[in-house]
Amino acid sequence: MEIFPISLKLQQQRCLIVGGGHIAYRKAILLVKAGAILDIVAPDIDPQLMSLIEQSAGTAYVKLFEDHDLDRVYRLVIAATDNADVNKRVFEQAELRNLLVNSVDDIPNCRFMVPAIIDRSPLLISVASNGASPVLSRQLRTQIETLVPHGMGKLAEFSGQWRSRVKAQITNPDERRIFWEELYASPLKEQVFNDNLDIANQMMTQSLAEWTAPKGEVYLVGAGPGDPELLTLKALRLMQQADVVIYDRLVSAPILELCRRDAEKVYVGKARSNHSVPQEGINALLVKYAQAGKRVCRLKGGDPFIFGRGGEEIQELFAAGIPFQVVPGITAASGCSAYAGIPLTHRDYAQSVRFLTGHLKEGSPELPWSELVYENQTLVLYMGLVGLEHICQQLIAHGQRPDMPVALVSKGTTPEQKVVVGTLSNIASKIAEYQIHAPTLTIIGEVVSLREQLQWL
């Protein structure tokens, strides 16, 4: 994030625009709407702009810009002339005086940028691109305009009228936030939109009278293999309402960014033989936070019920009498194979697929080898990188062809995805050669040969 978005109160604050044409007029409208006192410095001032100056009780200085014009006390300054040299000079002089300054469409000479705005006062939504693409910002604003009802401003104003009373009655900030979230999902919203304020006030009074502190709950959420666009809608909704997010090493940073920003985030990362928090500790954390009345999102890479130890966690929750939800995620086998261009089943090559873990409880991959050498079958190994050489040797020893195709998909579905293809006889030697690191999925079977034709990334 290269810029820090803020909302600036400008009521009765004196602001300066240097420039008197249509560029200045566009910015002046926004400043006057925000309640600013508007001064203009320009040799020629558009009549419409002059009326805005009068409306705001500001001053028109009909002259060329001079450095001392900034010696007056201004909250912010906008350079809006069609002369780049003048705009740069305004910027430099404002910087010397530590004034917030914007040069219209001239990013190097800006201390702040004016975003595209969706106005549902008192609710405001802004879209900014750090000056990289104002047109894109405006297009996004147009899309958002269609999604946000005009009545949202009324709802924000209505909420403001009740805010003090709600705060006085529900003193716990987390509980208060849940109260408002539930209220905004209730029929009250439509009553406010339709100006039925008497009914809305009655509903508010009743909601406060009936309010009880919520019980804690755990959401066991599959985050998928890494690409945030592979999240389910339900996963995203629960991630954004959770008070606490307990996440592991396989949850990618872009996915974690989608969680509620003010949620407490607890890292319990797991790597082979290096668990920052052991499974028993994770189970205890889930119970502790839920018993404290928190909504807890246990965020897991892939799917929580496929080699994710989700079953163990909800057994603990069940024993403690804690309510929970389970949200499936796209498992690594599905996501990584698709992004690698390797179908796990194909009528000509594989009529079945088996998911296996190469990292067993005792630390050694002892698998039913004779069952794994059937024809027309795809094997998918999770956590099999360390024991891959042993696995390949055992498959060959139990009758599998040494030239059976194998693919390693490292960090699948992410921008760092790497795919290495080999055979049972040589794939282990390629790990060091291509610097393959966990998390890596191993796919064994004739379907791997289709990658050459079907890869799309």
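Glycine too: its Cβ is placed from the backbone N, Cα and C atoms.
Among the features that Swiss-Prot reports, region 'Precorrin-2 dehydrogenase /sirohydrochlorin ferrochelatase' is placed at 1-204.
For the recorded site, ILE23 (NAD(+) binding site), the DSSP three-state label reads helix. Residues or ranges marked as NAD(+) binding site in Swiss-Prot (evidence: sequence analysis): HIS22, ILE23, PRO43, ASP44.
Taking the Cβ of SER129 (phosphoserine) as centre and 10 Å as the limit, one finds 16 other Cβ atoms among all the protein chains shown. In the three-state DSSP scheme, SER129 (phosphoserine) is classed as coil. Annotated phosphoserine per Swiss-Prot: SER129, in sequence order, evidence recorded as sequence analysis.
Model confidence over the region 'Uroporphyrinogen-III C-methyltransferase' (216-457) stands at 94, taken as the mean pLDDT rounded to a whole number. The region 'Uroporphyrinogen-III C-methyltransferase' feature in Swiss-Prot is assigned to 216-457.
The Cβ of PRO225 (S-adenosyl-L-methionine binding site) lies under 8 Å from the Cβ of GLY301, GLY302, ILE330, THR331, ALA332, SER334, GLY335, CYS336, GLY412, THR413, THR414, each of which sits 6+ residues away along the same chain. Residues or ranges marked as S-adenosyl-L-methionine binding site by Swiss-Prot: PRO225, GLY301, GLY302, ASP303, ILE306, THR331, ALA332, MET383, GLY412.
The active site, proton acceptor annotation in Swiss-Prot covers ASP248, and the record cites sequence analysis as its basis. For the recorded site, ASP248 (active site, proton acceptor), the DSSP three-state label reads coil.
Sequence annotations record features per position, and here Swiss-Prot assigns active site, proton donor to LYS270.
Sequence-distant contacts (6 or more apart, same chain, Cβ under 8 Å) of HIS22 (NAD(+) binding site) comprise ASP46. Over all protein chains present, the Cβ of GLY412 (S-adenosyl-L-methionine binding site) has 26 other Cβ atoms lying within 10 Å. Cα distances from PRO43 (NAD(+) binding site) to the recorded positions SER129, ASP248, ILE306 are smallest for SER129. Using CA atoms as reference points, the recorded positions ILE23, ASP44, ASP248, ILE306 were checked against SER129 (phosphoserine), and the closest is ILE23. Rounded to the nearest whole angstrom, the C-alpha distance between ILE23 (NAD(+) binding site) and ASP248 (active site, proton acceptor) is 50. When the record's S-adenosyl-L-methionine-binding residues PRO225, GLY301, GLY302, ASP303, ILE306, THR331, ALA332, MET383, GLY412 are compared pairwise by CA position, the greatest distance found is 17 Å. Taking the recorded positions ASP44, ASP248 in turn, the residue surrounded by the fewest other Cβ atoms inside 10 Å of its Cβ turns out to be ASP44. Using the Cβ center of HIS22, ILE23, PRO43, ASP44 for NAD(+), the list of other same-chain residues with Cβ within 8 Å runs, in sequence order, GLY19, GLY20, GLY21, ALA24, ALA42, ILE45, ASP46, LEU49, THR81, ASP82.
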